[in-house]
Amino acid sequence: MLKTFIFLNICLLADIKFRKEISHLRKISFPSLFFIGILVSLFNIYFKFNFTQETGKILLTAFFSTIGLRYSKKTFFKGFKWQMIFLISAVSVSVFQNLFIKIVGSFVCFKDIKLYSSLMLMGDFSVVSKYSSHPSISGMETLTIILGTISCSLFFLVISKGKKLYTEKLQKTSIKNIFKPAVIIFIITVLSLLLEKTYLSPLKSIGIAYISGLLFRWNLDKKAVYLENFHINKIGNYFLSLFILLKFSSLDIKSLQILALSDIFIVFLQIILLVLFSAFFVYKIYRKKTLAVFLSAAILGFSIGVPPSTMSVLQQVGKERGTPPHMIMIVPVVGAWLITYFNPVISNFFLN
C-alpha cells in the first residue's frame, strides 16, 4: 500500500510538470491526469506494477470527508433540491440503458447481456464480476472508462463554448493553514474506515465519511469555529487526484484486444443517445445555468465509464476556471449512491 501511495504521488508531481510544460492544455477540458494514467498503464504491460486497490478505498473515503466538510447546513439544504434532480436524472439513464439493451437483446444474440447493461456502463466493475464471469469484462471496463472520459471532456468543451463559467480567486496555501483541516480529515477518514466494519457497513466508508464531515462542519458552525473552504478543497483535490491516477493507471490496456467491433459499436451508440439526453434534458432542466454545463457533462461522463471519468474532467476545469459551489456536493455523492444502491437493483430488475 505504501509503495502504491508513493508511486501515485510521483505520478502527481509528473502531472504538475506536464501541465506547466504543455500550457495549451489549460484552455481545454481534457484532464492531464488521463494522459499520465494511460501512460502508466501502457508501461504496466511490460513492467508489472501491482497496485494495491485498497489504497483507492482510503483515498476515496478521505475525499468524501472533505465534501461533507465544505458545506454549511444552509448551503447543503439549498443544494439538496438540485442533488435530488440529478439523482432522478441518473436513475432515468440507468433505467433507459437497461431497457434499451433488453430491447436490442431480443433481436441480437449477445454473448452476455450484462456486459452492455448499466451495471457495466455506469457501475462498479468489481460488482459486475459478481454477476458475470465473461472474459470481456476487463476490456469493457477499459473501453468505457477511456470513452467516458473523452466524451465527457468533448461534451463539456462544446456546451461551455461562449459561456462565462464560475471563477474563484486563487489563494496561497501554507502548511499552517492546511494543518487543522488535514487533522480533521485524517480523523474522519480513520473513523469511517473503522465504522464500516460495524452495523453502519451498508453506508460504506465513503457514506460514513460524507455524513461525518457534514455533522462535524455543522457542529463547528454552531460554535462559530470557521474552516476555510479553500484549504479543504485543496486537500480534497489532492486525494481525488491520487484516486483518479490509481483508476487510470490500473487499466488493462491489453484487454481491449478481446473486444469485438460489435462491443465498441454498442458503447458508441449508447454515447450518442446520452449526448442527446444530456444536451436536451439535463442541460435544460438546470435552466442552462453554469451548474447545468457541469452537470450535463457529468451525467454523460459517469453513465459511460465511472465517476473518476467525470471527476477528472470537472477537476481539470476547476483548476483553471473554478466550479459552481454545489457541483462537488452533487456529482460524486449522487455517483456513489447510484453505483452502490440504485444501479445494481435497477439492472437486476430488467436483466433477470
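Indices start at 1 and increase along the chain as displayed.
Glycine too: its Cβ is placed from the backbone N, Cα and C atoms.
Among the features that TrEMBL reports, transmembrane segment is placed at 28-49 (among others).
Long-range contacts of the transmembrane segment (84-108) within the same chain, counting only residues at least 6 positions beyond its ends with a Cβ under 8 Å from a Cβ of the stretch, are 116-118, 121-122, 266, 270, 273-274, 277, 281-282, 285-286, 295, 298-299, 302-303, 330-331, 334-335, 337-338, 342-343, 346-347, 349-351. TrEMBL lists 84-108 (among others) with the feature transmembrane segment.
Under the heading transmembrane segment, TrEMBL lists 137-158 (among others).
According to TrEMBL, the transmembrane segment annotation covers 178-195 (among others).
Per TrEMBL, transmembrane segment is recorded for 201-220 (among others). With a cut-off of 8 Å between Cβ atoms, the residues of this chain six or more beyond the transmembrane segment (201-220) that come close are 57, 60-62, 64-73, 76, 184, 188-189, 191-193, 195, 226-227, 333, 336, 340.
The feature transmembrane segment is assigned by TrEMBL to 232-250 (among others).
Within its own chain, the transmembrane segment (256-283) has Cβ neighbours under 8 Å at 89, 93, 96-97, 100-101, 104, 115-116, 121, 135-136, 138-140, 142-144, 147, 151, 155, 159, 292-293, 295-297, 299-300, 303-304, counting only residues six or more beyond its boundaries. Per TrEMBL, the feature transmembrane segment maps to 256-283 (among others).
The transmembrane segment annotation in TrEMBL covers 290-307 (among others). Within its own chain, the transmembrane segment (290-307) is flanked in space by residues 29, 82, 86, 89-90, 93-94, 97, 118, 121-125, 144-149, 151-152, 155-156, 159-160, 163-166, 247, 267, 270-271, 274-275, 277-279, 282-284, 313-314, 317, 323-324, 326-327, 330-332, 335-336, 338-339, which lie at least six positions past its ends and keep a Cβ under 8 Å from the stretch.
Look at TrEMBL and you will find 327-351 (among others) tagged as transmembrane segment.
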Using a Cβ distance cut-off of under 8 Å, indicate which of 28-49, 137-158, 232-250, 327-351 has the most pairs with the transmembrane segment (178-195). 232-250
Give the nonlocal contacts of the transmembrane segment (137-158) in its own chain as ranges (CB under 8 Å, at least six residues past its ends). 28-31, 34, 38, 115, 120-121, 125, 128-129, 247-248, 251-253, 255-259, 263-264, 267-268, 271, 274-275, 278-279, 293-294, 296-298, 300-306, 308-310, 312-314, 316-317
